[in-house]
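These notes concern the structure reproduced below.
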Amino acid sequence: MLFGVIGVFISASIITVGSWWLFPKLGFVGLTARDYLAVGTIFSSTDTVCTLQVLHQDETPILYSLVFGEGVVNDATSVVLFNAIQKIDVTRVNSRTILQLIGDFFYLFSTSTALGVTFGLVTAYSLKTLYFGRHSTVRELAIMVLMAYLSYMLAELLELSGILTVFFCGILMSHYAWHNVTESSRITTRHIFAMMSFVAETFIFLYVGMDALDMEKWKMTRVRFYAYLSSFLNQFTSVHLTASGIGSVLLVIEKSNSMSPILLHSQSDCSLCFGTLMSSFGSIVLLILLGRAASVFPLSAFSNYMNRRPQRSPSLTFKHQVIIWWAGLMRGAVSIALAFKQFTYSGVTWDPVNAAMITNTIIVVLFTTLVFGFLTKPLIYYMLPHRVIDKNDSSVGSKSPKEDMALPLLSFEESVSTNILRAKDSLTMLIERPVYTVHFYWRKFDDTYMRPIFGGPLSSPPEC
């Protein structure tokens, strides 16, 4: 929560202020105050999948948990913050506006979380007590899928955050409802949701790849309006031309009592437009690096200070902090979705500035995914030299067909039994670690009141 919530606020603030200061100096003008705030949230959403594929959960369970937990909370927080920005009045930005933004954020966050928790508990209780659907894989799976989808739809209907609602609904289902279904339902559910996740992820990246080849957006970023501008001129009462720099003209079109400025560039200024686009892209990447560093390293120092007692959790070393910082540099599907929601109308835009921001987002996602993602494995192997698992180890044992069905989506290099051993070791390491304060009392409350009602085995926490 520290990196996923507070870190998003820090990163979004730096990206917003930095883009507001840098873009006009680079010749990139035309964004409103709401656009700059949206840019901060768009590029604060991280994609940590690449790092999670390289990290070894059994060797660094705490680091793996931090990266994974931040990844899921970060996306939800970015979406909630983006929705809160859409509701504030940006015509007068002052301290009251900032307080309103924070209030809207916590309102959306708390209500969406409460809705997701409610649906998760209702699903778990229904699967445990109701006869309908019991011992039927089809019905048990249908109940879980439909309840999760219903929570998302209800959240969107109430203008809350659907992604945050379904996220917490899924957490509660995995914690309680998962233990109330048959083993065949667990195996089927694992495969179905893994398939749905893979298809959705493939679709979004195919969409991004095809949209990157959309020549209309690239033409729009060169700001050549001459083809369609003449069709609009007859609708306006007067046209004023004002000099606005070398090779460009500011066209102010008046219609009744409204005025809208449009920046035109001459045919000979195409290189300047391309240079401006690349400069804005470079500035965004730089702000992502700075914003990520400003959120990770201070928050890690604060976490180490709070856990400075010897019996508490091990502190985050500098190498761990570098890996956490690097893990949050990649941008993914959430950034694309938020950019299209902010800068397009039904996926289409005729505004050159908005088209440039869409193009910038696509370039940033592709660049960070390819370049930073490619360097992730060498960086982690350099920072954290890991031991090689002996595939001929007799302790691994032989695998069974049941294990093959129960654990899908395994790596090609490791057997099912190896992954079972790693998963059990990791789980044991996390459970046997002593817990304190909030975690200790939550486990005690969960075992005493929640699990007997909603299902699930007792965790049997060690004494503090």
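Any Cβ shown, glycine's included, is placed from N, Cα and C.
If you check TrEMBL, you get these features:
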DOMAIN    2-241  domain 'Cation/H+ exchanger transmembrane'
TRANSMEM  6-24  transmembrane segment
TRANSMEM  62-85  transmembrane segment
TRANSMEM  105-125  transmembrane segment
TRANSMEM  162-179  transmembrane segment
TRANSMEM  191-213  transmembrane segment
TRANSMEM  225-253  transmembrane segment
TRANSMEM  281-302  transmembrane segment
DOMAIN    284-379  domain 'Cation/H+ exchanger transmembrane'
TRANSMEM  323-343  transmembrane segment
TRANSMEM  355-375  transmembrane segment
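If you look at the transmembrane segment (162-179), the same-chain residues 6 or more away from its ends with a CB under 8 A from one of its CBs are 72, 75-76, 79-80, 108-109, 112-113, 115-117, 119-121, 123-124, 127, 144, 147-149, 151-156, 186, 189, 450-451, 454-457. Note: the stretches the transmembrane segment (355-375) and the transmembrane segment (281-302) are in contact (3+ CB pairs below 8 A, sequence gap of 6 or more). With DSSP states grouped into helix (H, G, I), strand (E, B) and coil, the domain 'Cation/H+ exchanger transmembrane' (284-379) comes out at 72 helix, 2 strand, 22 coil. Taking Cβ pairs closer than 8 Å, the transmembrane segment (6-24) reaches residues 31, 36-37, 39-41, 43-44, 70, 74, 77-78, 81, 280, 283-284, 286-288, 290-292, 294-296, 298-299, 328 in its own chain, all 6 or more past its ends. Note on the transmembrane segment (281-302): residues 2-3, 6-8, 10-15, 18-19, 22-23, 26, 39, 43-44, 316, 320-321, 324-325, 328-329, 331, 360, 363-364, 367-368 of its chain, located 6 or more positions outside it, place their CB under 8 angstroms from a CB of the stretch.
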